[in-house]
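Visitor: Have a look at this one.
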Amino acid sequence: MSTKDFIEKDYYKVLGVPKDATEAEIKKAYRKLAREFHPDANKGNAKAEERFKEISEANDILGDTKKRKEYDEARTLFGNGGFRPGPGAQGGSFNFDLGDLFGGGAQQGGGAGGGFGGGIGDVFGGLFNRGGAGPGTGTRTQPRRGQDIESEVTLSFTEAVDGATVPLRMSSQAPCKACSGTGDANGTPRVCPTCVGTGQVARGSGGGFSLTDPCPDCKGRGLIAENPCEICKGSGRAKSSRTMQVRIPAGVSDSQRIRLRGKGAPGERGGPAGDLYVVVHVDAHPVFGRKGDNLTVTVPVTFAEAALGGEVKVPTLGGPAVTLKLPPGTPNGRTMRARGKGAVRKDGTRGDLLVTVEVTVPKDVSGKARDALEAYREATAGEDPRAELFQAAKGA
């Protein structure tokens with residue numbers, strides 16, 4: 001990406017969020033758009049794939065507090081076509097320390113080229129040159145970090161609670177195997193004469209500064225392939241697919257995003273690999289539910305068990321049943337707790353199993369059961385469970 005594109009691209013607009021959006025709002029917007037335009041959900045749709053890349057790029061900047069700050073400050077300074085010196089500024093003089101802004105000191109070399117180190121340099125790729133220096137100044141193209149990759153995986157309810165190792169197939173740009181990443185079929189590219197191997201050319205912007213863009217002749221690589229590789233068309237990068245075993249930790253929740261450092265696309269020119277982000281989807285369970293670190297289950301009990309009390313066996317997820325004691329007069333909907341039978345927490349301990357009692361009413365009653373219920377009704381004929389209800393209704 002050119003520095004001009006970086007400054008002029010409105011990442012807030014890409015994600016559809018305001019400039020004062022919170023981290024949570026940015027994350028929510030990104031997840032919604034990423035799911036909508038993910039390549040797996042839009043196979044063969046080139047526009048959706050390009051949109052997904054744009055969304056991921058915006059999230060990479062706005063989702064990182066430091067990068068977002070640098071991006072906002074750079075847009076403020078250069079969003080209107082470049083920095084304009086204040087009254088009294090002459091030539092290449094500059095009375096504002098950009099090094100303070102970008103996390104590195106400004107290097108001055110009498111207008112013969114230079115730059116800013118650290119901080120935003122990783123994002124801008126050497127944004128500034130002093131004094132409008134021409135092509136060939138600066139350092140040779142630096143190693144470039146590989147792209148981040150996002151993938152999705154669907155787990156069963158039990159796998160999400162206990163953790164699982166799953167195969168994950170990913171596609172990304174990697175050094176072309178046919179030409180060993182050189183872009184040249186013979187493996188011997190030559191140094192680009194336009195940028196003298198830097199991969200960048202300078203253009204004036206006024207105020208004694210010049211901005212750098214990727215060299216149009218070598219596409220920012222610093223090298224030109226005399227004999228372009230047929231596989232990568234001289235770019236040195238080709239699409240590569242690989243399958244790796246990914247360990248999903250215990251206790252993950254639905255829609256959780258897991259970051260695996262260094263497992264993304266390989267870097268360029270010896271640069272580090274990007275990161276892999278795995279979005280986890282969890283299937284529903286026919287019996288158990290989940291509330292945070294706790295699991296939930298509804299257990300039916302008879303009228304007699306609820307009224308008289310007793311012991312009830314309760315199933316657990318992947319383990320032996322536990323026995324809970326019902327106190328006499330247990331109402332329908334009461335929730336009890338089986339400690340340590342829930343989901344795994346980050347510290348390795350487990351949450352609880354929340355057991356909700358559901359008093360069942362038989363549809364067909366006959367024989368001794370009917371006689372017993374008739375006797376119970378006669379014995380409690382003087383009791384009115386709705387008396388307090390009507391009393392409260394009158395007093396309201």
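Positions of Cβ are set from backbone N, Cα and C atoms, glycine also.
According to Swiss-Prot, the feature Zn(2+) 1 binding site maps to Cys176, Cys179, Cys229, Cys232, an assignment based on sequence analysis. The domain 'J' feature in Swiss-Prot is assigned to 10-75. Sequence annotations record features per position, and here Swiss-Prot assigns repeat 'CXXCXGXG motif' to 176-183, 192-199, 215-222, 229-236. The feature zinc finger is assigned by Swiss-Prot to 163-241, with sequence analysis given as support.
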Visitor: Within 10 Å of the Cβ of Cys229 (Zn(2+) 1 binding site), how many other Cβ atoms can be counted across all chains shown?
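Guide: Around the Cβ of Cys229 (Zn(2+) 1 binding site), 24 other Cβ atoms lie within 10 Å.
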Visitor: At a 10 Å cut-off from the C-beta of Cys176 (Zn(2+) 1 binding site), count the other C-beta atoms across all protein chains.
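Guide: A 10 Å sphere around the Cβ of Cys176 (Zn(2+) 1 binding site) contains 22 other Cβ atoms.
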Visitor: According to DSSP, which of helix, strand or coil covers Cys179 (Zn(2+) 1 binding site)?
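Guide: Note: Cys179 (Zn(2+) 1 binding site) is coil by DSSP, not helix or strand.
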Visitor: Only counting partners 6 or more residues apart, tell me which same-chain residues put their Cβ under 8 Å from the Cβ of Cys232 (Zn(2+) 1 binding site).
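Guide: The answer is Cys176, Ala178, Cys179, Gly183, Ala238.
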Visitor: Counting every protein chain present, what is the number of Cβ atoms, excluding its own, within 10 Å of the Cβ of Cys179 (Zn(2+) 1 binding site)?
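Guide: Step by step: centre on the Cβ of Cys179 (Zn(2+) 1 binding site), count other Cβ atoms within 10 Å, giving 25.
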Visitor: Please list, in sequence order, every residue of the chain apart from Cys176, Cys179, Cys229, Cys232 whose Cβ lies within 8 Å of the Cβ centroid of the Zn(2+) 1 site.
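Guide: Sorted by sequence, the hits are Lys177, Ala178, Ser180, Gly181, Thr182, Gly183, Asp184, Ala185, Pro228, Glu230, Ile231, Lys233, Gly234, Ser235, Gly236, Arg237, Ala238.
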Visitor: Work out, from DSSP, the number of helix, strand and coil residues along the repeat 'CXXCXGXG motif' (229-236).
Guide: 0 helix, 0 strand, 8 coil
